[in-house]
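A.B. asks: Sharing a structure, written as structure tokens. Questions coming.
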Amino acid sequence: MDQSNRYADLTLTEEKLVADGNHLLVAYRLKPAAGYGFLEVAAHVAAESSTGTNVEVSTTDDFTRGVDALVYEIDEAAFGDKGGLMKIAYPVDLFDPNLIDGHYNVSHMWSLILGNNQGMGDHEGLRMLDFLVPEKMVKRFDGPATDISDLWKVLGRPEVDGGYIAGTIIKPKLGLRPEPFAKACYDFWLGGDFIKNDEPQANQNFCPMEVVIPKVAEAMDRAQQATGQAKLFSANVTADFHEEMIKRGEYVLGEFAKYGNEKHVAFLVDGFVTGPAGVTTSRRAFPDTYLHFHRAGHGAVTSYKSPMGMDPLCYMKLARLMGASGIHTGTMGYGKMEGHNDERVLAYMLERDECQGPYFYQKWYGMKPTTPIISGGMDALRLPGFFENLGHGNVINTCGGGSFGHIDSPAAGGISLGQAYACWKTGAEPIEAPREFARAFESFPGDADKIFPGWREKLGVHK
């Protein structure tokens, strides 16, 4: 059934929709299935995402029609064989405020703008490319309670432009028992700032939380005494049940508090698999604790290889609305994860109060920033190029292999990361860097050959 007479109005202008502030706007890439018209399918998406049914129903009234989602712009040839561009305006009244406080929730918003429309049979691809949240909605999402300035404060740095936080993931990601896990933490903390659990590290029988966390808390205290520097740990509290997440969080904070280090703790939540409910549980139950959003599994909906799902930029915006203090953004083409240089807009959208996306100019109206967390195949040699592309180093970076694969020690690996940042910031020649960074060339010769050809001769190292 062609519903374009009701669910499309191409006379609407984006300028007026934005100025009125009564709609959430979404840009999609759409490829209709064979035998279907572009506007016909676009209108079906708007109908399926709002008030529509596959037939006319007698219960529809004038108010219902007043909250129809409307297609307001199309360009059938925008992406060639991959499909065309369409934009839909969703009335704010369609979205769901909480009973307890009137805040909007991402779960409902997501189910509406990228829910049943993903399973429609009359398209071969429907991908969300960008969306614009109006002021009246932005101000009623939780947003972050803490941000990177809170971590800089713990580290004794300026709370504005406090710089790069050198971190790692304990490797191997699974299989370490409590004692070697805590030792690995201590060894890295002698040179680096920040350690996170990897996404599957939690409460396995071979490394129970109630055994390993006390040892990690003690290792942090020893490392701080040995170095005279504050250290940070991001503990995985992900679980299916909100009470279990809270139990884990309270336990972790209690163990680190024995050394006065509860402010040195972040909570890692696997936000894709546990969903907005898990993220919000941590955000609201522990508003003083940095909320570290790990996106494991996100590629199922964000991979550029898919005609479905959403672009990573949309996922970043959803995470900020949920209240993530920091989220993994990938490595923008400099590590092992799927991505490209222009993904620096992901970081800008997270950290700035206003940012131009691919289709919409988003204002955040004072919402706290979300930190870009850079992870996945990075090491000291890859960092200068990454910083140059991004334009700053106010990020958390976790290098697992890039730290524990350093030829000298995990501590040297951590030191080399900080030296890479200092080298980029001062414009120093990497080949002439201090020892730990210089030894990274020998630690990761494959990267060195690609990024710094001729390094062997300059350092006097031969194959």
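Cβ coordinates are placed from backbone N, Cα and C, and glycine is handled just like the others.
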A.B. asks: May I ask you to find which of Arg140, Arg157, Arg295, Arg352 Swiss-Prot records for the substrate site already listed with Asn116, Lys173, His328, Ser375?
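C.D. replies: Checking Arg140, Arg157, Arg295, Arg352 against Swiss-Prot: the substrate site match is Arg295.
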A.B. asks: Out of Asp198, His294, Lys336, give those recorded positions positioned within 10 angstroms of Lys173 (substrate binding site), comparing C-alpha atoms, in sequence order.
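C.D. replies: Near Lys173 (substrate binding site) by Cα: Asp198.
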A.B. asks: I want to verify one value. Collapsing DSSP to three states, which class is Asp198 (Mg(2+) binding site)?
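C.D. replies: Looking at the DSSP assignment, Asp198 (Mg(2+) binding site) belongs to neither helix nor strand, so coil.
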A.B. asks: Can you grab the distance from Asn116 (substrate binding site) over to His294 (active site, proton acceptor)? Cα atoms, rounded to a whole Å.
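C.D. replies: That comes out at 25 Å between the alpha carbons.
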A.B. asks: Determine the Cβ neighbour count for His294 (active site, proton acceptor): the number of other Cβ atoms within 10 Å of its Cβ.
C.D. replies: 26
A.B. asks: I'd like the Cβ neighbour count for Lys196 (Mg(2+) binding site), meaning other Cβ atoms within 10 Å of its Cβ, all protein chains included.
C.D. replies: 25
A.B. asks: What whole-number distance in angstrom separates the two most remote CA atoms of the substrate-binding residues Asn116, Lys173, Arg295, His328, Ser375?
C.D. replies: 36
